[in-house]
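Chemist: What follows is a single structure, and I will ask about it in a moment.
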Amino acid sequence: MKISVLGAGSWGTAIAIHLNRLGHQITLWLRDKNQFEEIVSTRHNKKYLDVDIPQEISITTDLKEAVTNSEIVVIAVPSHAVREISEKLKEVADKNFIVVNLAKGIETSTLKRMSEVIKEYLSNDVVVLSGPSHAEEVVRQIPTACVLASLNVKACEVVQDAFMDENFRLYINKDVVGVELGGSLKNIIALGAGISDGLGFGDNTKAALMTRGLAEITRLGVALGSDPLTFLGLAGVGDLIVTCTSMLSRNRRAGILIGKGKSLEEALKEIGMVVEGVNTTKSAYRLSQIHKIEMPITKEIYSILFEGKNPYEAVYSLMTRDKKHELHGI
């Protein structure tokens, strides 16, 4: 099967290598000329994922060349670039390929999920791939399980057949809204978990953050039409666990730096790659206001990131809130 992967960051590189191992004809598209020259000459992508890139994977900066005759096109760019790449795809698309989206985020200007943005430009079936999946582990063939979601289950089944092997297991879920929100909103809680680590707090604090974070993710998700059970699956609690606990998580690492006293700008500069939770915090905070959903952790992380609130004060605000029943609002 011919499959195009658009975006040569960590995840795009990893999924291209994974699919190449399965015997597919893979084209990896990127637009950075320097990165293109580096990969072509060294077969390494040093900044993002410094592993051998097989010679069988075609590398190109020509989008039309990349997608021509492809049966599946994988969008593996950061969420803020999904609109631009979708618009360009519309201009060059030559057949009704399946779109697989890997980006986890909510567009800040429109508050739309990534599949909604893509559907503005393309009539193709869109399949969302989400779940606990560090690129660094997938490329090393560490056993990983993720979830696929689409309005068309048959499209999910095509992707499931094409992407699965003994090290990469994929389940199908019809709840597109829940799968996308779970993958996006957990990054906010991961920032909080990192801030907690940076402040020197312990496992009790992190467990509370993750559990109560899942509660507010579920509240917003249900308000937006999700099945609450989705958040107990791979795209919810699964992704939340890995992102809040692993040092491979950019969101957690950025949070640690902020907890240790660095500004948001300093933390992002040190990470050197996109930290999706930053923009998602803006989007989720606005959605919580619009839909009148109680999201206290998101509110405090927003205050730390964008209003200069001291993290210790944010923790105090959370711990001294009015008394509640645990399942309040769910």
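The backbone N, Cα and C atoms fix where each Cβ goes, glycine too.
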Chemist: For the NADPH site that Swiss-Prot lists with S10, W11, R31, K104, A135, V274, E276, give the additional residue from the candidates R169, R250, R252, R253.
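Modeler: Only hit among R169, R250, R252, R253 in Swiss-Prot's NADPH site, alongside S10, W11, R31, K104, A135, V274, E276: R250.
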Chemist: Which of K47, K186, K299 shares the sn-glycerol 3-phosphate site with K104, G131, S133, D239, S249, R250, N251 per Swiss-Prot?
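Modeler: That sn-glycerol 3-phosphate site, as Swiss-Prot gives it, pairs K104, G131, S133, D239, S249, R250, N251 with K186.
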Chemist: Counting other Cβ atoms within 10 Å, pick out the least crowded of the recorded positions R31, K104, K186.
Modeler: R31
Chemist: Sequence order is fine: just name those recorded positions in S10, W11, R31, K186, V274, E276 with a Cα within 10 angstroms of S133 (sn-glycerol 3-phosphate binding site).
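Modeler: So the list is W11.
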Chemist: Largest pairwise Cα distance, Å, within the listed NADPH binders S10, W11, R31, K104, A135, R250, V274, E276?
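Modeler: With S10, W11, R31, K104, A135, R250, V274, E276 as the binding residues for NADPH, the largest Cα distance is 23 Å.
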Chemist: Using a Cβ cut-off under 8 Å and a sequence separation of 6 or more, which residues in the same chain sit near V274 (NADPH binding site)?
Modeler: G9, P78, H80, R250
Chemist: State the Cα to Cα distance, in Å, between R31 (NADPH binding site) and G131 (sn-glycerol 3-phosphate binding site), rounded to an integer.
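Modeler: On Cα coordinates alone, these residues lie 27 Å apart.
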Chemist: I'd like to confirm something. Which of the recorded positions, K186, D239, S249, N251, has a Cα closest to the Cα of A135 (NADPH binding site)?
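Modeler: Going through K186, D239, S249, N251 one by one, the closest to A135 (NADPH binding site) is S249.
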